[in-house]
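Asks: Positions annotated as active site, proton acceptor by Swiss-Prot, on the basis of sequence analysis: HIS19. The tRNA binding site annotation in Swiss-Prot covers TYR14, PHE64, ASN66, ASN112. Residues or ranges marked as site 'Discriminates between blocked and unblocked aminoacyl-tRNA' in Swiss-Prot: ASN9. The site 'Stabilizes the basic form of H active site to accept a proton' annotation in Swiss-Prot covers ASP91, and the record cites sequence analysis as its basis.
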Amino acid sequence: MLLLVGLGNPGKQYEFTRHNVGFVVADTVARDFDFPEFSSKYDALVSVGNVGLHRAMIVKPATFMNRSGAAVLKAASMHKIPAEQITVFHDDADLQHGVVKVKQGGGNAGHNGLRSIDAAIGCQYWRVRLGVGRPDAGSLSGHVLSDFHDFDSVQQLAHKISANLTELLDGNVNGFISKIRCDHAQ
């Protein structure tokens, strides 16, 4: 089984914020692949289904971002899922809005959700970095906790990620990125 983790903060007040773009992708994948309704488990909202030929558990930690690692550790430990079979979808202020990059391992670039996951399971999991841009002025935390100006474009990108997710899960990272870029340009 694969573990697909969408990072975000719980609560309606954070629903449309840049920091919750991982939740948007997780919800979109769950809908697009007809996963059952999310249930509370492992300090998270969890749903298990299939993404193409891949059995997958989608996890949305119910803790705040800086404690996401606890939920990931619980789910991964219970199902004996190694870090290499975990993919985390998260906001990245170092990328322009709408840019998507994928990598395995590496540093957390100051992202508290990734820092928490690194401390819990190590850093060899996959990361799908979802660009939210940096503010021209003001604090970064204020920026990522503010709402998107164009939430429709975020939802469109989430659907493109979902539509091409089997490429990524099949190990074709370049094909996945190529399709996202091509689709996103249209």
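Placement of Cβ uses the backbone N, Cα and C atoms for every residue, glycine included.
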Asks: Closest to PHE64 (tRNA binding site): which of the recorded positions ASN9, HIS19, ASP91, going by Cα position?
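Replies: Nearest in space to PHE64 (tRNA binding site), counting only the recorded positions, is ASN9.
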Asks: Work out how many Å separate ASN66 (tRNA binding site) and ASP91 (site 'Stabilizes the basic form of H active site to accept a proton') at their Cα atoms, rounded off.
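Replies: On Cα coordinates alone, these residues lie 13 Å apart.
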Asks: Which one of the recorded positions (ASN9, ASN66, ASN112) has its C-beta surrounded by the most other C-beta atoms within 10 angstroms?
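Replies: Of the recorded positions ASN9, ASN66, ASN112, the highest Cβ count within 10 Å belongs to ASN9.
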Asks: Tally every other Cβ atom lying within 10 Å of the Cβ atom of PHE64 (tRNA binding site).
Replies: 16
Asks: Could you find out if DSSP has ASP91 (site 'Stabilizes the basic form of H active site to accept a proton') as helix, strand or coil?
Replies: strand
Asks: Just name the most isolated of the recorded positions TYR14, HIS19, ASP91, going by other Cβ atoms within 10 Å of its Cβ.
Replies: TYR14
Asks: Can you tell me how far the Cα of the residue listed as 'active site, proton acceptor' sits from the Cα of ASP91 (site 'Stabilizes the basic form of H active site to accept a proton'), in Å?
Replies: 6
Asks: Which value in Å gives the longest Cα to Cα span across the tRNA site residues TYR14, PHE64, ASN66, ASN112 as recorded?
Replies: 16
Asks: For the tRNA site (TYR14, PHE64, ASN66, ASN112), what does the 8 A shell look like? I mean other same-chain residues with CB within 8 A of the CB centroid.
Replies: ASN9, HIS19, THR63, MET65, ARG67, SER68, GLY113
Asks: Which of the three DSSP-derived classes (helix, strand, coil) applies to TYR14 (tRNA binding site)?
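Replies: DSSP call for TYR14 (tRNA binding site): helix.
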Asks: Do you know offhand how many angstrom separate TYR14 (tRNA binding site) and ASP91 (site 'Stabilizes the basic form of H active site to accept a proton') by C-alpha?
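Replies: Pair distance, Cα basis, whole Å: 13 Å.
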